[in-house]
């Protein structure tokens with residue numbers, strides 16, 4: 001439930017942000033004199049209802065920190081002491097955000113588990129007071145209500161939410177290696193039932209407002225309003241507030257009840273959970289599933305189960321104590337530090353550090369309607385970008401357009417889009433076989449065959465029909481951008497935009513700049529990527545850039561291990577057991593054996609012995625037999641269309657036997673196999689930083705995890721070196737270097753860190 005979702009899920013949550021304070025004044029209410037001194041929370045009174053507004057200054061989202069906590073307690077004490085106020089509404093002034101969670105930096109500053117435990121206990125006490133409020137409080141939710149934000153909402157007596165796409169509720173703490181620490185593990189099971197609460201807390205998934213209503217997480221929904229004199233968002237917030245105020249009055253007058261009637265299924269589930277045997281079976285089943293999926297690499301899920309069990313079996317006091325103690329324990333684990341580091345890295349990689357481009361890209365064009373081209377088209381039209389999709393054949397173009405439509409239609413099936421919205425989005429796409437309309441293109445992304453001659457040909461054609469300001473971006477995964485730009489008349493407008501497959505699911509976009517690429521071109525490429533919803537790293541040009549360059553030596557070692565006689569299934573088990581979401585042999589099949597051969601040959605020429613390991617002949621023979629991986633139905637495994645099951649390809653036995661290499665017993669234990677794979681990757685990543693291919697360790701970690709599936713629990717290659725220890729990494733490399741040679745020679749920057757224990761990639 002967690003490890004398999006950790007890569008894809010982290011980016012959905014903006015649960016934590018650093019807050020900077022500045023005063024704000026709430027106007028259209030009767031206000032208290034204390035209002036002028038508050039910066040995050042203010043309130044006014046409508047009749048006998050206090051309307052509490054959350055509005056953290058200088059931030060797009062509201063988050064919970066010590067200042068917010070102090071102001072909230074102050075406001076609630078004033079409301080409780082005021083006899084003229086009989087109820088309250090809690091609402092956000094920010095469009096698209098109720099409260100997005102707690103400030104992650106509060107935990108980063110903790111040096112002991114006890115400090116983190118105190119943070120949890122302070123939150124528990126605050127929300128306990130709210131839960132026991134003598135005056136009913138209605139949470140009016142519009143936008144993200146996550147983590148501590150949801151814990152705040154469920155401590156209120158009533159919850160109303162807008163029924164729109166931006167309103168989501170969830171507890172994503174597990175994706176940061178911690179647990180809901182302000183009462184969430186105790187209140188959620190009582191509110192939505194134990195099974196649903198476990199699902200929310202163990203996956204970190206977002207719940208849409210309509211689903212939340214069915215679960216009992218929300219009591220009432222408010223339909224969003226359309227445009228008027230004010231914007232739809234402003235009108236909807238005003239309407240939400242009006243409805244919430246009326247309900248608060250009704251609760252105070254006892255004309256409406258805060259209790260929601262349960263359906264038959266909910267009643268049966270609630271009754272079943274009163275039986276001790278049933279509860280024990282639920283715990284056992286959930287624990288077994290967690291252990292299977294996390295492989296023991298993520299401690300938070302089991303701690304969540306323990307906290308819930310403590311509350312259900314020993315009472316609320318024991319439950320809250322267990323929650324706060326386990327929160328403290330988790331906050332200082334290596335896994336939590338790794339996952340929080342990834343979150344912070346994502347925040348950095350979702351900003352355009354190159355500034356606003358001189359001209360926004362309004363018309364995009366894509367060359368090649370294959371898997372990648374169609375994928376790029378889908379994520380572009382989905383965000384409102386007018387897109388031309390060009391291919392050389394009617395069949396290819398039709399297949400690409402159908403892929404885009406299917407991707408959008410899948411969202412309709414999941415109720416993420418309506419049919420009308422799908423058709424409206426799809427109308428942004430125009431398919432064609434010629435360059436008609438390219439004279440208006442602001443950017444062209446080529447996704448044609450990985451051949452330098454082909455790319456030169458299309459670049460010349462594009463420059464002959466596009467305006468001077470048009471940017472030419474290549475989706476190549478390995479060909480140096482300066483070689484592609486060699487035939488360009490405007491090399492300052494040429495850049496690399498390396499997407500990952502499947503484009504609509506993989507979050508990373510690797511942007512590659514040459515010495516001639518202008519800053520404005522880079523700013524435009526980043527702006528387009530951000531609009532497409534991507535997490536972006538910007539790297540310097542060179543063979544393999546960053547991601548392919550790190551993957552290649554690792555896969556070379558994988559081939560060597562297979563040639564030494566390790567079974568593909570065992571190798572997959574060893575690598576997933578170390579934290580990779582996809583096993584190494586399966587990864588080769590997914591990438592494509594022909595692609596792996598092409599990259600191995602090209603980068604082998606560029607980097608020589610350092611990229612040694614397995615024999616490229618293994619890949620060549622597989623390609624000659626048609627064993628290209630999943631796309632051909634056969635690789636190291638045999639794949640059945642429409643089935644997730646796969647079996648070993650017995651025809652590989654002869655190929656591997658003929659290319660067998662002697663195993664070296666001193667470096668062939670299961671642990672050594674795991675570290676041979678990981679250290680090849682890590683050493684190359686650090687070398688990329690040393691050579692200036694990477695600008696920052698954070699971008700290196702984000703690229704490795706979100707583009708290549710580096711174990712999230714390790715936080716990326718640079719975080720891994722900091723947490724595991726540079727000296728221990730170097731010791732491993734030296735051990736393997738003595739057995740295999742220079743491909744394991746540690747780079748100088750890694751040696752520098754090993755020689756100085758105070759030297760860290762993250763200070």
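Positions of Cβ are set from backbone N, Cα and C atoms, glycine also.
When 249, 309 are compared with the annotations in Swiss-Prot, the one labelled N6-succinyllysine turns out to be 249. Of 334, 489, 605, the one with N6-acetyllysine in Swiss-Prot is 334, while the others lack that note in the record, though it may still apply to them.
Swiss-Prot gives the label N6-succinyllysine to one of 214, 337, 351, 383, namely 214.
440 is the residue among 440, 534 that Swiss-Prot describes as N6-succinyllysine. When 185, 395 are compared with the annotations in Swiss-Prot, the one labelled phosphothreonine turns out to be 395. Residues 166, 190, 359, 455 are shown; Swiss-Prot lists N6-acetyllysine for one of them, 166.
In terms of C-alpha distance, the listed recorded positions 151, 326, 350, 647 place 647 closest to residue 634 (N6-succinyllysine). Looking only at other Cβ atoms within 10 Å, the busiest spot among the recorded positions 436, 498 turns out to be 498. Ranked by how many other Cβ atoms sit within 10 Å of their Cβ, the modified residues 303, 634 place 634 at the bottom. For the pair residue 326 (N6-succinyllysine) and residue 350 (N6-succinyllysine), the C-alpha distance works out to 31 angstrom. Looking only at Cα atoms, residue 411 (N6-succinyllysine) sits nearest to 399 among the recorded positions 151, 173, 399, 498. Looking only at the recorded positions 350, 406, 498, the one with its C-alpha closest to residue 510 (active site, for hydroxyacyl-coenzyme A dehydrogenase activity) is 498.
Considering only the modified residues 60, 295, 326, 411, the Cβ with the fewest other Cβ atoms within 10 Å is that of 60.
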